[in-house]
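In what follows, a structure is listed as structure tokens, so that the remarks can point back to it.
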Amino acid sequence: MGISLWLCPYGHSPEYETFKTLIESLQTLFPNSPVFEPHVTVCSGLSCENMEEVHKVLEMAHHAINAVKSKVDSENALVEFDGFNIGKKYFEKCRLECKPNPMLYSLAKLIRSMFVGELNIDTWLFEEFHPHLSLAYSDIYPMDQAMIRLIRQRIEDLFDVTTEEIESHSRDQDAYKLQHTLKGWSFPLTFKVVRCEGPVEEWEVLSEVTVHG
């Protein structure tokens, strides 16, 4: 993954603490699963050779999100979730899926085009970009039905929502729909540029910026 841009709830906000609690709760179900902070990856594989370029990424993200701030309100959050997946792969083990949002897609497209140099940017955006909030990383597979029920129960209890299994678009994942959209977060929010290399415990936040409402 190299260097990535994360979109995070503001530290110690109610939203941050809620998602952090869920991540820590699910971690107890997966032996040796690392703890990490709540985040949605906007773009990975960024070309950042020095701190000046890291700061350029944050500056661009800051300006871009400020430009759409007027479109964000209590009825139109920047980050929302409408489903969750349980997968085979380590980094796809359990995650909340973001509800499609033009503002988030525009941000990802901008950062990808400027700091990755993607030639087929629209193909990447609509075929490979799947914004989500990871809840657990693990090599455990397969998972028995009792464990899956427990994961669903913890999500349902925390957010007071019911879940329904639906047909998945991937053989490697089981997909579930949430009865109603879960509000994630808007402002304040924090962008972080993170070096995602080696074990998760060794990932390093290179720099960050908080954007207030």
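Quick reminder: no glycine exception, Cβ is built from N, Cα and C everywhere.
Computed from a predicted structure; not experimentally measured.
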Among Thr28, Thr41, Thr190, Thr210 - the residue Swiss-Prot places in the same substrate site as Ser134, Tyr137: Thr41
His132 (active site, proton donor/acceptor) CB neighbourhood, other CB atoms within 10 A: 17
Integer Cα-Cα distance in angstrom, Tyr137 (substrate binding site) to His39 (active site, proton donor/acceptor): 13
Neighbour count (Cβ, 10 Å) for Thr41 (substrate binding site): 19
Other same-chain residues whose Cβ falls within 8 Å of the Cβ centroid of Thr41, Ser134, Tyr137, the recorded substrate site, in sequence order: Phe36, His39, Phe91, Arg95, His132, Leu133
